[in-house]
Amino acid sequence: MSSIKIECVLRENYRCGESPVWEEASKCLLFVDIPSKTVCRWDSISNRVQRVGVDAPVSSVALRQSGGYVATIGTKFCALNWEDQSVFILAMVDEDKKNNRFNDGKVDPAGRYFAGTMAEETAPAVLERHQGSLYSLFPDHSVKKYFDQVDISNGLDWSLDHKIFYYIDSLSYTVDAFDYDLPTGQISNRRTVYKMEKDEQIPDGMCIDVEGKLWVACYNGGRVIRLDPETGKRLQTVKLPVDKTTSCCFGGKDYSEMYVTCARDGMSAEGLLRQPDAGNIFKITGLGVKGIAPYSYAG
C-alpha cells in the first residue's frame, strides 16, 4: 500500500467549491464556487487561478468537444467561452420553479451533459424538499427530464462498461444505480448500492476509478470514501483536515492524483478558526489507483 499524502494546493477559501474537472490539454483543474457565481481554472504548472464571473449560482462545469466549456448556471445549461468570458444559453429547465437552481453535473460517455436541480438552500442542506429533477442536455441542445421529486441532486458517474449510471440524491443518504442504455441515454431499474454510515454524513460529489470503484465526498464528514458498488462495501476512507468536503475528481499525471473541493459557508467563526483550510482545494496522492479522463459535451 503506497503512503497517502494530502496537500492543500490552493488557498482561496471558496464559499462552496464544487465540480472539479481535470483538463489534461492545459494541465488545469476547473471547478466552481457556487454562491460566488464563479467558474475557476487553476493552472497546476504556474499555480495561477483564472476566474469568470456569471450572473447566477454556477453549480457545475464540464469540457466541450468543440472548445471552451459548458456549465450549469441558475437553471440554465450554458456554453462558456473562456477567452472572451462570454456565456451563451443552450437550454433552460424548471422555469415554473423560480426558487430552483442546478446542482452537480457531469458529461456521460456519449457526450450528453447530465445535471439535476434543487431548491435554493436557506442554510447548507436546509431547503424545501422534493423540488428538484434530473435532466440531460443532448448534443442537439434538446433536454430530457428523467425524474422529479429530488431533494439535492448530486454526484453522478457511469460504470466502466457504460451500462450503469450511478447517482446521489444527497438527503436519501444513499448511492443509487440505474441500468443505463448508452445509445439512447435511457435509465431504468433504480436500486441502492450503498447506504451512508452515520459518521460519513451527507453524500455529495462522486467519481469512478479504473477499477470501477466509486469515490464519494462526504459533506460534513470530512472525508472521501471508496465504495465497491457490486458488494455495497466501503473499501477505504481518506480523512481530510476540513469537514465540508464537497466533491472529488482524478487528474494530474496519468490521472493518479485526486483533487477534492470543499466549502466554508455555514461554518461558525470558531469552526473556521479550527479549520483554516475550509474552502480550499486539496490534492491526494498515493491512493494506488488511477481515475479516468472526463468526457466532453458533444454539442
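Note: Cβ is positioned from N, Cα and C throughout, glycine not excepted.
Long-range Cβ proximity for Asp204 (active site, proton donor/acceptor), meaning a same-chain Cβ under 8 A and a gap of 6 or more residues, is found for Asp104, Asn154, Gly155, Ile168, Ser170, Val216, Ala217, Cys218, Tyr219, Thr245, Thr246, Ser247. What Swiss-Prot records for Asp204 is active site, proton donor/acceptor, and it gives similarity to another entry as the kind of evidence.
According to Swiss-Prot, the divalent metal cation binding site annotation covers Glu18, Asn154, Asp204, on the basis of similarity to another entry. According to DSSP, Asp204 (active site, proton donor/acceptor) sits within a strand segment.
Sequence-distant neighbours of Arg101 (substrate binding site): residues of the same chain at least 6 apart with a C-beta under 8 Å from its C-beta are Ala56, Pro57, Ser59, Gly74, Thr75, Thr117, Met118, Glu120. Residues or ranges marked as substrate binding site by Swiss-Prot: Arg101, Asn103, Glu121.
According to DSSP, Lys144 (N6-succinyllysine) is assigned to a strand segment. Taken from Swiss-Prot, the feature N6-succinyllysine covers Lys144 (among others).
As annotated by Swiss-Prot, N6-succinyllysine applies to Lys244 (among others), with the evidence given as similarity to another entry. Around the Cβ of Lys244 (N6-succinyllysine), a 10 Å sphere holds 28 further Cβ atoms from the protein chains shown.
When Cβ atoms from all protein chains are considered, those within 10 Å of Lys253 (N6-succinyllysine) total 11, not counting its own. Swiss-Prot lists Lys253 (among others) with the feature N6-succinyllysine, giving similarity to another entry as the kind of evidence.
Taken from Swiss-Prot, the feature phosphoserine applies to Ser268, supported by a large-scale study or a structure entry. All protein chains included, Ser268 (phosphoserine) registers 8 other Cβ atoms within 10 Å of its own Cβ.
Checked against Lys253 (N6-succinyllysine), the binding-site residues Glu18, Asn103, Glu121 differ in C-alpha distance, with Glu18 being the nearest. Across the annotated binding residues for substrate (Arg101, Asn103, Glu121), the two most widely spaced Cα atoms sit 11 Å apart. Using Glu18 (divalent metal cation binding site) as the reference Cα, a 10 A cut-off selects none from the recorded positions Glu121, Lys144, Lys244, Ser268.
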